Amino acid sequence: MNGTEGPNFYVPFSNKSGVVRSPFEYPQYYLAEPWQYSVLAAYMFLLILLGFPVNFLTLYVTIQHKKLRTPLNYILLNLAFANHFMVFGGFPVTMYSSMHGYFVFGQTGCYIEGFFATMGGEIALWSLVVLAIERYVVVCKPMSNFRFGENHAIMGVMMTWIMALACAAPPLFGWSRYIPEGMQCSCGVDYYTLKPEVNNESFVIYMFLVHFTIPLMIIFFCYGRLVCTVKEAAAQQQESATTQKAEKEVTRMVIIMVVAFLICWVPYASVAFYIFSNQGTDFGPIFMTVPAFFAKSSAIYNPVIYIVLNKQFRNCMITTICCGKNPFGDDETTSAATSKTEASSVSSSQVSPA
């Protein structure tokens, strides 16, 4: 084994030299230079600095503007709330630990931080799945005349929490465990060991299958069908110029959504699966640290892609920031244009970016 396993940790560093210490008690500067830990702390501070205002504005603007309180926006609010889980429940802990070079909050703190980080990430992921299903059902119309209503939105939000709990809660009750990962300043599910005492192998397989592979397949299927439907409608010239413009925006949004999802999560999932499948192989702490910390940036990507690129929401946000005035456009003009689009057979409420 090229790492050192303890009762509640796994350090990716051989202990032949006798320098490995518990990441809950001693600085881990034998894994990386002190300045590298400082870089991690600065990075986490940046995520907090950017993630809090964007996600807070998302919640605040929706409360301020009644026209934004639509069923679909319930899912978007859920997404912003999930990001707050990570920004408040995980990021400050990781930043403070990085400043000290080890996980200073002990094993209990590790479980709390790991739970919040996993919970927030999974709520966000399953929110994207609900959005994908909604777009597919409304635009592709596998069920004729289906209208996404408030009850559907509430059910969707409930599903995201149930699925997130089904992933984040088991390690708290003995199925797998949360341990420090990478440079030992943040916690996640144990991909490093089989740990038969907590049936770790079965949980990791369950997590990758149910909480990563299946959501990814659903997202790709729904948005793949969405793109095909939009292209077919444009080719048949069944829609007005305004609607075709909305369709192009959907195509652009779909590409951004899929690429952002891949950029945020696939590197982390791939490295985690590699480590799990090749236990005992030689890899450094940076190997897991970089994708793990990069995945945390989804707390910023998500609101930018799913909220800010929504024209109506963007106008409302600008109006709120500018104390009731929008210096860049006229809300009424935008609303009129939206109404015209909604009059077509494929309405903007059906095809505009969520």
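Using N, Cα and C of the backbone, Cβ positions are placed for all residues, glycine too.
Feature annotations, reproduced from Swiss-Prot:
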type: DISULFID; residues: CYS110-CYS187; note: disulfide bond
type: LIPID; residues: CYS322; note: S-palmitoyl cysteine
type: LIPID; residues: CYS323; note: S-palmitoyl cysteine
type: REGION; residues: 332-354; note: region 'Disordered'
type: TOPO_DOM; residues: 62-73; note: topological domain 'Cytoplasmic'
type: TOPO_DOM; residues: 134-152; note: topological domain 'Cytoplasmic'
type: TOPO_DOM; residues: 225-252; note: topological domain 'Cytoplasmic'
type: TOPO_DOM; residues: 309-354; note: topological domain 'Cytoplasmic'
type: TRANSMEM; residues: 37-61; note: transmembrane segment
type: TRANSMEM; residues: 74-96; note: transmembrane segment
type: TRANSMEM; residues: 111-133; note: transmembrane segment
type: TRANSMEM; residues: 153-173; note: transmembrane segment
type: TRANSMEM; residues: 203-224; note: transmembrane segment
type: TRANSMEM; residues: 253-274; note: transmembrane segment
type: TRANSMEM; residues: 287-308; note: transmembrane segment
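Taking DSSP states H, G and I as helix and E and B as strand, the topological domain 'Cytoplasmic' (62-73) has 9 helix, 0 strand, 3 coil.
Highest Cβ count within 10 Å among the recorded positions CYS110, CYS322, CYS323: CYS110. CYS187 (disulfide bond) is 41 Å away from CYS323 (S-palmitoyl cysteine) when you measure Cα to Cα. For the recorded site, CYS110 (disulfide bond), the DSSP three-state label reads helix. The listed stretches are 37-61, 74-96, 111-133, 153-173, 287-308; of these, 111-133 has the most Cβ pairs under 8 Å to the transmembrane segment (203-224). Note: the CA-CA distance between CYS110 (disulfide bond) and CYS322 (S-palmitoyl cysteine) rounds to 41 Å. Of all the Cβ atoms in the protein chains shown, 33 others lie within 10 Å of the Cβ of CYS187 (disulfide bond). Stretch with the most C-beta contacts under 8 angstroms to the transmembrane segment (287-308), considering only 74-96, 111-133, 153-173, 253-274: 253-274. Distance between Cα atoms for CYS187 (disulfide bond) and CYS322 (S-palmitoyl cysteine): 40 Å, as a whole number.
Within its own chain, the transmembrane segment (253-274) is flanked in space by residues 125, 128, 188-189, 191, 208, 212, 216, 219-220, 223, 226-227, 287-288, 290-292, 294-295, 297-298, 301-302, 305-306, 309, 353-354, which lie at least six positions past its ends and keep a Cβ under 8 Å from the stretch.
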